[in-house]
Every structure is written in structure tokens, then in C-alpha cells.
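Novice: Annotations per TrEMBL:
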type	residues	note
ACT_SITE	Asp58	active site, for OMPdecase activity
ACT_SITE	Lys60	active site, for OMPdecase activity
ACT_SITE	Asp63	active site, for OMPdecase activity
BINDING	Asp9, Lys31, Ser115, Gly190, Arg191	substrate binding site
DOMAIN	3-206	domain 'Orotidine 5'-phosphate decarboxylase'
Amino acid sequence: MTDLVLSLDVTERASALRIARACAEDVDAIKVGYPLVLGAGLGIARDLADLGIPLIADFKVADIPNTNTLICDQVFAAGFSAVIAQAFPGPDSVVACVESAHTHGGECYVVAEMSHPGALTFFSEGVPEAICRLVVETGADGIIAPATRPARIRALRDLIGERKILSPGVGAQGGDPAEVAPLVDGMIVGRAIYGAADPAAAARVYAPYRR
Ligand code: XMP
């Protein structure tokens, strides 16, 4: 039904590689963000990419277009196959990420609505809907939408057509995989897998929901 994306938010290289190797058969992609890159260095991306698992860079890129291009070019040179960007800097900033991604044969996802409770302070009153329109206009490949609010995933799906939805919030944040999996293209799961005593077994809990 959906891809399983492991959010590998550990901070040590050895732990990251151990967990990634253990889960390699049971996940479809790995999402790497600031915790791991700041802890282990950008070279961890090449180490993980060498395992043959697609890598998503969760750097929530949010700068002026020129800086976004510089950041994303480094992301793809490091071995990532997708990048996550913020929409609030505006369409030209998102276009910079999309163009870098597509130049490198990669993808760009845009945060439409976040999964935690406080997200509703700013991601409300039509803002996620406006971001979805921006995603279509800029040619981005998809959105990040909250597994903690499946009704919002359904509402945003109607606005983005065939573009993809990756959804964090299953597991530690309480999202229900049975409800979310049919709605999205990728479920992002972090602590419920990498924090488990047996991460591979924890990843296999989601096997019934994978396509
Ligand atoms: P957990 O441990 O909660 O990890 O399963 C979730 C991962 O996803 C990230 N995250 C988000 N990223 N929009 C994003 O772009 C969101 O709404 C969102 N919510 C969680 C989080 O940083 C962690 O890596």
C-alpha cells in the first residue's frame, strides 16, 4: 500500500550503519536529517547510499534561491536522492530546490503541514492548501503531510493530483499505520523503529502496509 521510510535520527555513525544494515530489507528509503549529519558528518550519506537504499535529506531547506541551490547541490552530490524543502520562503526558493533535484535526477518534497501539536499555530487557515498550490506551480514532486491528522492528508491529496505524499507521525507521535497507509505514498517512521531493541523486527511490524 505504501513505502516505509525509516527516519534515522540517531547521532552516531556506528549506530546508524548498524540499524540501516539490519533494516535494509524491510524499509524502502531512509530519511536523514540534522541529528545524524551533525553527529556523524555528511559522509554518512555516502555510506548509507552504498547500501542501495534511497536516501531522503530532511534539511527542510528554507533560504533565498541562490542559497537553496547551493544547499541542494551539496545534498545530491553527497548521495541523497530526494530533499525536503520549506515553502514559506516563496516559489522562487522552492523552484531552486526543484531545479537542483531534477538536474541531479532526484526529487523535491515540500512541507505542507507538520505533524506535531504546535504546527497548527502557523500551518492553519488555508496555509497548507496554498502550499499545495505552490507545489503544483513549482513542479515539486510531492508534499510532507501529517500522519497524526489523516483527514488533513485526504484534504491535501485532492489539491496535488498525482504528486506524492510522504507522511511522518506514525509510531511515536501516535499516527495509526492502518489508517494512514492507504492515503500516502510513504509512511515515515523514526523512533518506533530506530529506538527499538530489535529495529529490524520493529520495521517488520509495518510489513502488512507496504506495497
Ligand atoms: P518519529 O520519531 O516521530 O520521527 O517517528 C519523525 C521524523 O519525521 C520528522 N518529522 C517531520 N518532518 N514534517 C517534516 O518534514 C513534519 O510534519 C514532520 N513531523 C516529523 C521528524 O523530524 C523526524 O525526523
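Backbone N, Cα and C define each Cβ position, glycine as well.
TrEMBL labels come from automatic prediction, so no person has curated them.
Computed from a predicted structure; not experimentally measured.
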Novice: Look at the binding-site residues Lys31, Arg191 and tell me which residue has the greatest number of other C-beta atoms within 10 angstroms of its C-beta.
Specialist: Lys31
Novice: Can you name every residue in this chain, apart from Asp9, Lys31, Ser115, Gly190, Arg191, with its Cβ inside 8 Å of the center of the Cβ atoms of the recorded substrate site?
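Specialist: Here the non-site neighbours turn out to be Ser7, Pro168, Gly171, Ala172, Ile188, Val189.
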Novice: Rank aside, I only need the closest one: which of the binding-site residues Lys31, Ser115, Gly190 has its C-alpha nearest to that of Asp58 (active site, for OMPdecase activity)?
Specialist: Lys31
Novice: By Cβ count within 10 Å, point out the most packed of the recorded positions listed: Asp9, Asp58, Asp63.
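Specialist: Max Cβ neighbours within 10 Å, all protein chains included: Asp58.
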Novice: Using DSSP and three states only, what is Arg191 (substrate binding site)?
Specialist: helix
Novice: Which one is it: of the recorded positions Lys60, Ser115, Gly190, which Cβ has the fewest other Cβ atoms within 10 Å in this structure?
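Specialist: Across Lys60, Ser115, Gly190, these recorded positions, the one with fewest Cβ atoms within 10 Å is Lys60.
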Novice: Cα-Cα, whole number of Å: Asp63 (active site, for OMPdecase activity) versus Gly190 (substrate binding site)?
Specialist: 26
Novice: To the nearest whole angstrom, state the Cα distance for the pair Asp9 (substrate binding site) and Lys60 (active site, for OMPdecase activity).
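Specialist: Checking the Cα atoms of Asp9 (substrate binding site) and Lys60 (active site, for OMPdecase activity) gives a distance of 15 Å.
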Novice: How big is the gap, in Å, between the Cα of Ser115 (substrate binding site) and that of Lys60 (active site, for OMPdecase activity), rounded to a whole number?
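Specialist: Each residue's Cα considered, Ser115 (substrate binding site) and Lys60 (active site, for OMPdecase activity) end up 14 Å apart.
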Novice: Using only the Cα atoms of Asp9, Lys31, Ser115, Gly190, Arg191, which the record gives as binding substrate, return the largest interatomic distance in Å, rounded to a whole number.
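Specialist: This binding site's residues have a maximal Cα-Cα distance of 16 Å.
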